[in-house]
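A.B. asks: The compositional bias 'Low complexity' feature in TrEMBL is assigned to 542-562. Under the heading domain 'Cation/H+ exchanger transmembrane', TrEMBL lists 29-436. For 486-510, 532-562, the entry in TrEMBL reads region 'Disordered'. Among the features that TrEMBL reports, transmembrane segment is placed at 6-26, 33-53, 73-93, 105-128, 219-237, 257-275, 372-391, 415-437.
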Amino acid sequence: MPALATTNFNIILSVLGGWVSLFGLVSYLCKESFYLSEALISLLAGVSLSPHAANFIRPLEYASGSEENLNGITLAFSRLVLGVQLVLAGVQLPSRYLKKQWRPLSILVGPIMAAMWLATSLLVWALVPGLSLLHALAIGSCVTPTDPVLSAVIVKGKFADHNVPKELQQIITAESGANDGLGYPFLFFALYLIKYTGPGAVPGSGGAREAMGLWFGETWGYTILLSVAYGAVVGWLAKELLHWAEERKFVDRESFLVFAISLALFIVGTCGMIGSDDVLACFIAGNVFTWDDWFRLETLDDSLQPTVDMLLNVSIFMWYGAVCPWEKFLHNEVVPLRRLVPLGVLVLLFRRLPWVWAVHRFIPQIEEIRQAIFVGFFGPVGVSAIFYLYITLEFLHTMDVGGEPREDLQTLPEAVVVVVWFIAICSIVVHGLSIPLGKLGFYLPRTLSRGVMSGSSSPSSRANDAAAPFTLGSRVSSFGIIRRRSGVEPSLPPPGAGDTSATTTGGDGSGRPVFSIGGSIIPKAVEELGGALPDRRGDLDSGSGVASINSSSSAVGGSAAY
């Protein structure tokens with residue numbers, strides 16, 4: 001008699017395959033119409049399928065019932081995702097980007113990152129009772145790096161294309177890639193001091209001098225500098241070998257496209273064996289690999305890398321939803337929920353935003369206050385924080401005495417788990433919903449006011465009642481993010497000359513060009529204008545200032561100022 005083989009392997013394949021297929025059916029609607037990130041949706045799916053709900057995903061069983069094994073699996077999975085993501089992030093940057101933009105990038109990963117670390121640590125120290133400053137510094141370092149996976153929501157897709165300048169997208173990508181690997185010095189500064197100067201430190205172990213010697217020698221020398229050199233050498237050799245093979249027609253198209261991903265796997269594995277910073281090495285290797293822009297341009301229109309990227313994102317956040325210690329947010333021995341919630345809110349507000357705003361004048365890619373607020377707010381906490389969380393737990397286990405935590409470290413492992421996981425979940429939810437809620441907050445009042453006024457005003461008066469979208473610099477955007485291109489003034493055609501569909505009546509009555517922000521009203525505008533809608537996105541990207549029809553064009557009864 002046939003029986004169901006409900007093994008864990010069969011169940012996890014069914015769940016993962018089914019979810020990816022179902023999400024794929026509505027992925028464009030979710031990401032491009034509702035601006036919902038796949039990270040948030042997959043996290044919710046993981047929670048619903050976890051032991052806390054449907055119990056289809058049972059992580060502890062996969063780890064043979066061992067919490068330590070489960071931590072190791074989560075750490076390895078996070079390393080894999082970060083490694084692939086950061087090689088792809090490095091490949092996506094233009095030729096010699098790190099060399100050309102080292103000044104603004106050094107500001108973002110230097111003083112700003114240090115300020116983020118200190119601000120977060122002070123908030124943790126103030127709101128988590130019974131925690132020493134050194135312990136707070138260790139926890140704060142875990143959530144200091146910005147996450148490259150969650151940052152993709154503002155540097156890829158329709159929202160980024162319409163609202164974020166290309167230069168701003170690139171600096172955000174470069175920062176999220178570089179500061180992920182540079183989290184090690186902040187973390188091990190605190191951990192070495194805890195080990196050698198804490199109340200439970202072994203007498204005669206060397207004290208602060210030993211701690212600082214290890215921090216400079218092992219962390220900066222072996223972990224950081226070696227990983228930079230290793231990533232650069234491997235990336236350059238991979239580039240030259242691929243050039244050589246391609247010139248001789250030795251490599252087929254499929255192997256060519258997958259080369260960057262296989263490079264990421266190689267670096268994660270080899271750096272893991274030598275104990276160096278595989279995350280930073282992957283980012284450096286990716287950028288050096290496309291130093292001459294050849295590979296990036298060859299794969300610009302390829303869909304393999306985004307496909308692998310999507311599969312990894314969906315998988316890792318489903319796993320996080322299943323392994324997240326949800327019950328510990330309510331029941332733990334270190335911090336009550338009434339303190340956790342304010343901590344999550346304050347970290348998202350003050351971890352990054354004030355410091356980016358304070359120094360944005362020194363970053364050429366950030367030219368407006370609104371852009372500084374935008375970049376400061378969108379510094380999400382995600383995969384990198386979970387990665388450093390389990391690095392911290394691994395190091396704390398090395399200080400155990402007789403298999404038990406050191407006396408002064410009894411509550412630190414639980415505090416790290418609860419605080420870092422809670423802040424990461426807050427960031428995934430808040431940053432995942434910020435864009436759709438912002439869009440809703442902008443359009444809903446206008447829609448309601450139009451609905452109320454439509455019954456009481458004449459058609460001729462309604463044509464001039466629509467509110468203009470936010471403007472910033474020389475472009476129109478529903479968020480006001482797009483800025484004027486440096487040194488380039490828009491070239492405006494005279495009103496009434498040439499293609500009159502490129503102009504509309506602004507709020508001041510003058511004819512000014514606008515550009516489309518998408519939406520279902522665009523086809524209506526095309527129909528009413530006889531189907532003639534010139535595509536001038538290329539002109540916008542080149543800085544010419546010529547723009548296409550906006551959804552609030554005078555042809556459909558609205559007005560928008562440039």
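In case you wondered, yes, glycine gets a Cβ from its N, Cα and C as well.
A quick note: this is a predicted structure, and the numbers were derived from the prediction, not measured.
Help me picture these features in the structure, burial and contacts included.
C.D. replies: Long-range contacts of the transmembrane segment (73-93) within its own chain (CB-CB distance under 8 A, at least 6 residues past either end) are made by residues 59, 62-63, 148-149, 170, 173-174, 176-177, 180-181, 235, 260-261, 263-265, 267-268, 272, 278-279, 282-290, 295-296, 299, 305, 308-309, 312-313, 315-316, 319, 323, 383-384, 386-387, 390-391, 394.
Tertiary proximity for the transmembrane segment (219-237) is limited to same-chain residues at least six positions away from its ends with a CB under 8 Å from its CB atoms, namely 90, 181-182, 184-185, 188-189, 192, 263, 266-267, 270-271, 274-278, 280-289, 291.
If one looks beyond the transmembrane segment (257-275) by at least 6 residues along the same chain, the residues whose Cβ comes under 8 Å of a Cβ in the stretch are 79-80, 83-84, 86-88, 91, 222-223, 226-227, 230-231, 234-235, 238, 242, 251, 281-282, 285-286, 289, 295, 299, 302, 304-305, 308.
Residues 39, 71-72, 74-75, 78-79, 81-82, 85, 116, 141-143, 145-151, 154, 164, 168, 172, 180, 183, 187, 279, 316, 320, 347-348, 351-357, 360, 366, 416-417, 420-421, 423-424, 426-428, 431, 434, 479, 481 of the same chain, all 6+ positions outside the transmembrane segment (372-391), place their C-beta atoms under 8 angstroms from a C-beta of that stretch.
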A.B. asks: Excluding the flanking five residues on each side, which residues at least 6 beyond the ends of the transmembrane segment (105-128) place their CB within less than 8 Å of a CB in that stretch?
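C.D. replies: 98, 136-137, 139-141, 143-145, 171, 174-175, 178-179, 182, 186, 334-335, 339, 342-343, 346-347, 350-352, 354-356, 359, 362-363, 379, 415, 419.
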